[in-house]
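Take a look at the structure set out below.
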């Protein structure tokens, strides 16, 4: 009887105690390789794997140690930040100290999993490219620790790929992440200095990697590696910049990753080409006005063609034609040429037509089908550069705001009822804020710029004849309220955007977090502003405005429009690290409005 009672109690205890207490701890193996090509992944012949791309760009000056430090702490850093007491960093070796860390290799890779003192719990500072040796040392360290980093050179010997293949087959039921140190020599073309493939193996998932950091199929961020490990062992926090991996099931991950790479490289070519043509058109227009105080028909056609091409790139984004760069370029230019010709020939209001359709397509695309935006050269987020993965970039943000202003003025030009005008204005400029909010466009700098534009328009539509302190305070309170609402909804989201995560980090780390970010953004803005062709385009636009100053101020409607666009573009310029692009595109549309059907002036 006593024996039965004891057995019953034991069974009861086993049922009540969580199963994970009895489960074996998860073992994680990070393999740091010298380089990783798609062909190498194919040669590994893995049954189940998840693939993605990761951008290795960190803070300058770039170095191997800077990469490891960034992956370790989950924050983009430089090697100069190593050991700085002024920066509050969480090192994997400290966060996961209960799990223990091990390292095999003869390089600097231990820094990727070390504690703040650059120490791992167990290490073997050598490597023998022999399966038996690797198995023996791996098993020894995995008995003592849950996280192992293996630094492995694929290119050193011909049979290293075969050894790695067999090694992965033996340990495929563990969590394995394979990360290259640099871009493979074969892939170092077209300014690709940072984008590399990454492999994830867990014995279950087979597909593409993604995360809430990127919200893009087949892409994760360097900060995600640290959080994936923390999340595996229950140490992830809301303040973490990165997010855990997610998996999108596909039948053939290698085929899909090849297609993704080709599409993004084609988009990169298109973006550089068409942005370059846009800046060239501004510079040519400036030269023409400086020389003869007028714009000839051919130059006007070329300048107008660019605005049509921006619209057409959005339309073509619906059809994913950029899988073939040749077809995409031919169609884009041919359709843009035909539409530009038709609008001018039919003597339609060019600015009203183009600004209306462009504005509507940007808004609907952002809210209903973001891939349409991402597949256009104007909305393409440069994943090779790695500054932004999702949401509206600062170029298309400028296009959205500029076309909304032109759309409003052209729509209300002949409306006499002031209240009806106000209703239209409020709708358009509220839609801007919704489009750029955390839920859709996810561009915090753009959202603040759109709030400023909303404030300008509210002032013009409701308070332009009143200049009291009361009206100005109301205007400021409206702006703060709208910004607060946007942040509130971001807090409620399960996957907070980078903006709200930034506020969490300021709360935890203090003002140094804000100073560090502001300093970096200011340096990036300055660097981009002074770099051709951006600097040349800005100078050209300033010269154009100076030459057309008398003409602009002589026209009341044009003067009001110009003031709004210029003020908004300056705010967009100052609060975004790539704000120079916002400034250029907003004023590009303003100049288009000025020169349309006004080909000669007394400048």
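Placed from the backbone N, Cα and C atoms, the Cβ positions cover glycine too.
Automated prediction, rather than curation, is the source of TrEMBL annotations.
Now, the feature entries from TrEMBL:
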type     : residues : note
TRANSMEM : 267-287  : transmembrane segment
TRANSMEM : 299-319  : transmembrane segment
TRANSMEM : 325-344  : transmembrane segment
TRANSMEM : 356-377  : transmembrane segment
TRANSMEM : 389-411  : transmembrane segment
TRANSMEM : 423-440  : transmembrane segment
TRANSMEM : 446-463  : transmembrane segment
TRANSMEM : 472-489  : transmembrane segment
TRANSMEM : 530-549  : transmembrane segment
TRANSMEM : 561-586  : transmembrane segment
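For the transmembrane segment (389-411), the residues of the chain that approach it from at least six positions outside its boundaries are 213-216, 219, 221, 275, 310, 349, 351-352, 354-356, 358-359, 362-363, 366, 370, 373, 376, 378-383, 424-425, 428-429, 431-432, 435-436, 440-443, 445-446, 449-450, 453, 457, 557, 561, 564-565, 568-569, 572, 576, 578-579, 581-590, 593, judged by C-beta separation under 8 angstroms. The transmembrane segment (325-344) is not in contact with the transmembrane segment (446-463), judged by fewer than 3 CB-CB distances under 8 Å for residue pairs 6 or more apart in sequence.
Pairs of Cβ atoms less than 8 Å apart link the transmembrane segment (530-549) most often to 267-287, out of 267-287, 299-319, 446-463, 561-586. If you look at the transmembrane segment (446-463), the same-chain residues 6 or more away from its ends with a CB under 8 A from one of its CBs are 392, 394, 397, 400-401, 404-405, 408, 421-422, 425-426, 429-430, 432-433, 435-438, 471, 474-476, 478-479, 482-483, 486, 560, 564, 567-568, 571-572, 575-576, 582.
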